[in-house]
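These notes are about the structure you will find just below.
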Amino acid sequence: MIRKALNNLVKSAVSSFKMADIVPTAAAMSSDGDSMTVSPATADDRKRAADNSPDKDCKMQKLEVPDSVSSIDVTNGSDGPKRSKLLKRKVAILLSYAGANYVGMQRNPGVQTIEEDLVNALVKSGAIPEDCGRNMNKMSFQRCARTDKGVSAAGQVVSLKVLMLDNLMERINEHLPPVIRVMGVTRTTGGFNCKNNCEFRTYMYLIPTFAFTPLEDFTLEKYRVSDEKIEEVGEQLKKYIGTHNFHNFTSGKAFTDPSANRYIKEFTCEKGFVDDGLEFAVIKVKGQSFMLHQIRKMLGLVLAVVRGLTPPSTVERAFQEPKLDIPRAPGLGLVLEAVHYDCYNKRWGNDGLHEPLTFEASKEKIEAFKHKHIYPNIIVREKYNKSMLQWLSTLPLHSYDVVGTRNPLRIAATEMKKAQEEQSESSSSDIEASKTAMESAIQAALKQRTEPASEPEPLQETKQTNSEPSNEETASHTVQEALSPSDKPEQQDRTETDSTDSHNVTSKEQVN
């Protein structure tokens with residue numbers, strides 16, 4: 001036992017002895033020729049060996065880099081050049097864009113989308129490598145909300161990992177078209193996800209006030225809304241507040257699907273402004289998340305109620321199981337106003353390392369962008385295309401009842417439309433040329449609006465009278481015009497509004 005203990009002690013001593021401290025010295029070397037005696041090196045010997053090391057100048061110095069530092073300098077040799085190693089960090093990018101000429105937010109091969117232009121700008125600016133531009137998962141890319149074709153955004157947010165370049169926002173904007181702007185870049189935690197960490201989203205709908213006129217009255221572009229009518233619309237919108245089953249306000253969603261339950265926090269309507277003789281009201285809705293076409297269908301049903309096409313009780317019926325025929329309002333006036341990160345800001349916004357995601361410094365720039373790009377696009381296109389006016393003429397064609405209920409007016413309009421198509425001599429090239437000419441006229445009108453009016457026209461408080469329309473006024477479209485090509489069902493694609501079906505949101509506490 002004693003011998004075994006001694007052997008273990010010797011082995012432990014030998015293993016702890018550092019061979020690096022042994023340096024042969026002249027005094028310790030024997031002249032036998034066949035052997036050499038090595039003795040432990042002194043401090044001076046070790047210093048001389050380090051000074052004479054040929055690899056001294058080629059060693060890189062390891063630096064402790066704080067999390068807040070975006071880059072470090074690494075010396076490659078005493079006389080070699082210095083190169084900068086950029087660090088990749090997770091950021092939240094605040095976007096504003098006018099979506100009139102885009103098919104949506106989400107990247108979709110073969111079509112023009114907001115993400116396609118954004119990613120190309122990120123690659124050209126050097127914020128992400130080119131291979132990350134082809135595979136967005138490599139940069140942990142995530143959008144907060146998806147937007148439909150033609151829908152704009154004032155406060156969209158995307159999160160991703162980028163190389164922390166100097167003047168990153170300016171570099172990205174250099175490669176973006178004027179209708180897409182990066183309004184802010186904010187460092188976030190590594191695990192931040194702009195979609196999952198978002199608690200609420202606020203959408204704005206810019207709507208011509210003539211949409212509130214009763215069905216029996218002429219729908220005039222010179223209509224001016226009264227305070228009583230604004231209040232009436234607001235009362236109908238309040239019915240959506242709370243947690244309800246919105247399966248009737250989307251497509252392909254069953255009543256029993258838990259994800260059809262969504263929470264709406266606010267829904268308001270207020271007077272807006274008059275521009276180019278057309279008055280607009282501003283409708284705002286704030287909710288946790290929204291399904292495909294949900295906002296547009298909620299507005300479509302309320303407008304049908306206000307115009308007297310269906311009783312107010314239809315809103316409550318729509319929360320029940322039967323599938324109802326509900327119209328979908330045009331997407332032109334819809335704008336993603338803002339996204340909210342209250343819980344994230346409370347936990348991380350004041351930790352000394354990260355900024356709160358409130359984007360306070362960008363609010364003035366966002367307002368300027370809205371008045372320069374978003375509002376003019378909506379106003380000019382409404383004046384030329386009359387999308388809201390055409391859509392209002394289709395409201396009587398809906399039954400507002402269980403899907404499949406016979407609607408004689410709808411049947412008659414369908415037959416008349418079919419007969420018109422058979423008798424039409426217009427070729428597809430003529431139609432395409434007409435669309436091109438219309439778009440050219442719209443672009444010319446937008447160029448003339450270099451900046452918004454300094455002071456909006458004051459609103460008239462007088463109520464609209466039921467006077468006969470003049471030749472310059474626009475009356476309601478006939479049933480024959482009701483089923484124009486623009487009224488055909490839009491193709492559902494991957495670029496729809498904030499479809500978060502994979503998330504079951506059933507109460508206030510749940511976050512999309």
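Including glycine, each Cβ sits where the backbone N, Cα and C put it.
Features reported for this protein in TrEMBL:
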REGION    29-59  region 'Disordered'
COMPBIAS  43-59  compositional bias 'Basic and acidic residues'
ACT_SITE  ASP148  active site, nucleophile
BINDING   TYR203  substrate binding site
DOMAIN    238-342  domain 'Pseudouridine synthase I TruA alpha/beta'
REGION    415-512  region 'Disordered'
COMPBIAS  461-483  compositional bias 'Polar residues'
COMPBIAS  487-501  compositional bias 'Basic and acidic residues'
COMPBIAS  502-512  compositional bias 'Polar residues'
Cβ packing number for TYR203 (substrate binding site), 10 Å threshold: 24
Rounded distance in angstrom between the Cα atoms of TYR203 (substrate binding site) and ASP148 (active site, nucleophile): 13
Structural state of ASP148 (active site, nucleophile), classified by DSSP into three states: coil
Other C-beta atoms that fall within 10 angstroms of the C-beta of ASP148 (active site, nucleophile): 24
Secondary structure tally of the domain 'Pseudouridine synthase I TruA alpha/beta' (238-342) (DSSP, helix then strand then coil): 28 helix, 37 strand, 40 coil
